[in-house]
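I have placed the structure first, in the form of structure tokens, so that the comments after it can refer back to it.
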Amino acid sequence: MLLIAQNHLQLIVEVGIMLLVAWIFALNLIPLSLSVVTFLSLFVMGGFTLIFGADIALLILSSSQAEFTHPFGPIALMGSVAALASLKVMKESGVDIRPLRRFVILFLAGITIFGGLMHRSFLILWLIGLFFGYLIISKSFREKSVITLRRVGLFLGVAGVGFILLEAVSRITGMTIFSPILRFSRIEQYSLSSIKTVLHNIQLIGHSAKASYWGAEGTAFAEGYITLPMQFVLFFGLPFPMFFGILVNQKDTIDYMLPGIFGYGFDFGILGLVGLMVFVLGTILIGFQVLNRYREKREKNNKKYLGREVLLTGALASFCAQALIGMFVFNRTINGMALLTFIFVGTFILANVVTLKTRS
């Protein structure tokens, strides 16, 4: 009975532990050569280019969409940065990468356009993640002048052009869903009251009972604002509070209008927020330490870990970007299905520690 989750937070922790164990076994049993990882990365990029393209086509043609960018955007980012890292490794080895580079550029353009049209938050996540990936790859290969004024200006310019194009598409087509300005106006209109709700009711564990939507039946802790996918919870028949149908509007006051530090702080309390920060910072620090070990082995001409190195590079870029956007911009980036993706990528990073020690 102790292993059966009693609330949303316990379920999140248990799923994280199970994914970590699964990754440890997978990384120790499945050979991940550079060629295999490169193929998988290109497959992921191509697949998500088609998926995001189909999603935006459905939005335009029938005004319906599945919104794959929130839950799967970080996976697409992980695969893309891993592909770029693979190209760098192959180039350093004297391999002609021009044919593969054309595919990578094509997929990058497709994901940027289709994903950016679907969600402004994804465009921010995507551009920041690619920037992080560039920094990590540059440092890993000891390149000089990693950050220059020209490159920073180029990055900001691309981001600015992207948002201008989105607003232009919104005005031309009359589809306000594309408008970044509308998103900012909604934040201005609704976020202030949500922030006041959090600050006035947050406690060490959970929140004040008077702020609970569930009234006397509420627990004032892990009440369904931060959850794994609803279908996942229902599949196991767990009797947790869930926001269905029109009740989603109640959840949106925390989930949609606030950064993750407020959402997690409200639902799990100050200790829950501290736990999130420890998990994020610990995963990032451990990931970079392992990546440095992989780099040292590569520089000693040990090619055993090349596949893991490029995959870890992609995972770190994706995890850092998702954590940054989710915690400080948009809670939904680390909630629901996106939370499962967040745990999936984070536990992959942590699992490399056991892999490295067992194979050293």
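Backbone N, Cα and C define each Cβ position, glycine as well.
Note that TrEMBL annotation is computational and uncurated.
Counting residues 6+ beyond its ends, the transmembrane segment (12-30) has Cβ neighbours under 8 Å at 3, 5, 226-228, 308, 339-340, 343-344, 346-348, 350-352, 354-355, 358-359 in the same chain. If you look up TrEMBL, you'll see 12-30 (among others) marked as transmembrane segment.
For 37-62 (among others), the entry in TrEMBL reads transmembrane segment.
Among the features that TrEMBL reports, transmembrane segment is placed at 68-87 (among others).
The transmembrane segment annotation in TrEMBL covers 99-117 (among others). Sequence-distant contacts of the transmembrane segment (99-117), counting only residues of its own chain at least 6 positions beyond either end whose CB sits under 8 Å from a CB of the stretch, comprise 38, 42, 45-46, 48-49, 52-53, 55-56, 69, 73, 76, 80, 83-84, 87, 90, 123, 126, 130, 162, 166, 169, 178.
What TrEMBL records for 153-178 (among others) is transmembrane segment.
If you look up TrEMBL, you'll see 228-248 (among others) marked as transmembrane segment.
Away from its own ends, the transmembrane segment (268-290) comes close to residues 9, 202-207, 221-222, 226, 260-261, 312, 315-316, 319-320, 323, 327, 346, 349-350, 352-353, 356 of its chain (Cβ-Cβ under 8 Å, at least six residues beyond either end). According to TrEMBL, the transmembrane segment annotation covers 268-290 (among others).
Under the heading transmembrane segment, TrEMBL lists 310-330 (among others). Taking Cβ pairs closer than 8 Å, the transmembrane segment (310-330) reaches residues 32, 34, 37-38, 41, 74-75, 77-83, 85-86, 89, 121, 124-126, 128-130, 132-133, 136-137, 140, 259-261, 276-277, 280, 283-284, 287-288, 290-291, 294, 338, 341-342, 345-346, 348-349, 352 in its own chain, all 6 or more past its ends.
Long-range contacts of the transmembrane segment (336-356) within the same chain, counting only residues at least 6 positions beyond its ends with a Cβ under 8 Å from a Cβ of the stretch, are 12, 15-16, 19-20, 23-24, 26-28, 70-75, 78, 226-230, 232, 279-280, 283, 286-287, 290, 293-294, 305, 308, 311-312, 315-316, 318-319, 322-323, 326. The transmembrane segment annotation in TrEMBL covers 336-356 (among others).
Ranking 37-62, 68-87, 228-248 by CB pairs under 8 A with the transmembrane segment (153-178) puts 37-62 at the top.
Outside the transmembrane segment (37-62), and at least 6 residues removed from its termini, the chain residues within Cβ reach (under 8 Å) are 68-69, 72, 75-76, 78-80, 82-83, 86, 90, 100, 103-104, 106-108, 110-111, 114-115, 117-118, 173, 175, 177, 306-308, 310-311, 314.
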